[in-house]
Amino acid sequence: MSNHALENASQALKNARCAMAFTGAGISVESGIPPFRGPGGVWSKYDPEKFEKGYFKRHPDEVWPLLKEIFFDMLEKAKPNPAHIALAQLESEGKLAGVVTQNIDSLHKEAGSSVVHEYHGSTRRMQCMSCRTFFDSHSIPLDKLPPACPACGGLLKPDFIFFGEGIPTDVHRAATDLAKQSDVCLIVGTGGQVMPAGRIPYIVKNRGGTIIEINLHDTDYSYTTSDYFLQGKAGDMTPRLARLAMA
Ligand code: NAD
Ligand code: ZN
């Protein structure tokens with residue numbers, strides 16, 4: 001990557017009328033949360049079928065220990081890294097209108113970002129599949145699995161999207177509206193293969209906007225969509241870009 005690309009990208013961000021960020025698993029890798037795909041990823045160890053909603057309902061005793069191991073134990077320890085923090089700073093400096101994230105780890109909010117559309121939900125809440133009540137995950141003990149709804153004893157499901165579930169209309173609309181208003185989209189740490197989330201940057205691009213991409217490796221966006229591809233670690237490149245854009 002040339003310094004030229006970094007400088008030009010920072011100018012684009014600086015001059016944006018409205019900029020947004022679109023993030024994926026790669027932004028949280030330096031917080032200790034591995035991505036799903038590739039060697040060592042979740043899908044190389046666990047069968048994705050287990051995270052299909054119907055299977056979960058039929059076999060909660062089998063799936064809940066996996067949910068605890070993959071999502072709750074690991075996420076408990078994770079802290080925001082310099083990439084999450086840089087996006088929060090850009091927002092507080094008025095240089096970023098909001099973040100659409102595919103992650104369910106809540107690290108953007110923990111870093112201080114206030115406009116965060118969690119497109120796939122988050123681990124912060126659970127919902128009872130019988131009475132539909134939501135609970136803060138911290139209030140639900142996970143020593144006995146599956147955890148029971150404190151109100152009715154029903155089955156609790158983490159409030160993130162399982163396979164076979166649609167994106168809730170409100171978050172889809174909020175994310176799409178932000179993209180329609182944005183003339184710059186900063187993509188950090190996602191290959192965009194998960195649909196419909198992966199289409200968000202195209203909304204910006206198709207309306208004539210500028211796409212800046214930060215990733216360790218090139219992706220489907222890199223050659224077709226990205227105006228600036230900044231190759232590197234999210235935790236290194238995002239703060240560098242942000243510093244230049246805020247200067
Ligand atoms: P993905 O495309 O969202 O993420 C992986 C991408 O991150 C790859 O393009 C990879 O090159 C890049 N990457 C890896 N380390 C990086 C780093 N240090 N800096 C910059 N880029 C880096 O794909 P996925 O992992 O298959 O995720 C699928 C779905 O599961 C998504 O919705 C994702 O958000 C979700 N998921 C969430 C979490 C989380 O909440 N932290 C973790 C894993 C997966
Ligand atoms: Zn209930």
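Sequential numbering from 1, following the chain as shown.
Just so it is clear, glycine is given a Cβ too, placed from its N, Cα and C backbone atoms.
A TrEMBL annotation is a machine prediction, not a hand-curated record.
What TrEMBL records for 1-247 is domain 'Deacetylase sirtuin-type'.
The active site, proton acceptor annotation in TrEMBL covers His120. In this view, His120 (active site, proton acceptor) is surrounded by 19 other Cβ atoms within 10 Å of its Cβ, with every protein chain counted. Under the DSSP three-state reduction, His120 (active site, proton acceptor) is assigned to coil, being neither helix nor strand.
Residues or ranges marked as Zn(2+) binding site by TrEMBL: Cys128, Cys131, Cys149, Cys152. Of all Cβ atoms in the shown protein chains, 11 besides its own fall within 10 Å of the Cβ of Cys131 (Zn(2+) binding site).
Here Cys152 (Zn(2+) binding site) comes close to Cys128, Ser130, Cys131, Thr133: these same-chain residues lie at least six apart in sequence, with C-beta atoms under 8 angstroms from its C-beta. Listed in sequence order, Cys128, Ser130, Cys131, Thr133, Phe135, Leu155, Leu156 are the same-chain residues at least 6 apart in sequence whose CB falls under 8 Å from the CB of Cys149 (Zn(2+) binding site).
Annotated Zn(2+) site Cys128, Cys131, Cys149, Cys152; additional same-chain residues within 8 Å of its Cβ mean position, judged by their own Cβ, are Met129, Ser130, Arg132, Thr133, Pro150, Ala151, Gly153, Gly154, Leu156. Across the domain 'Deacetylase sirtuin-type' (1-247), the model assigns an average pLDDT of 94.
Listed in sequence order, the recorded positions among His120, Cys128, Cys131, Cys149, Cys152 whose CB lies under 6 angstroms from an atom of ligand 1 come out as His120.
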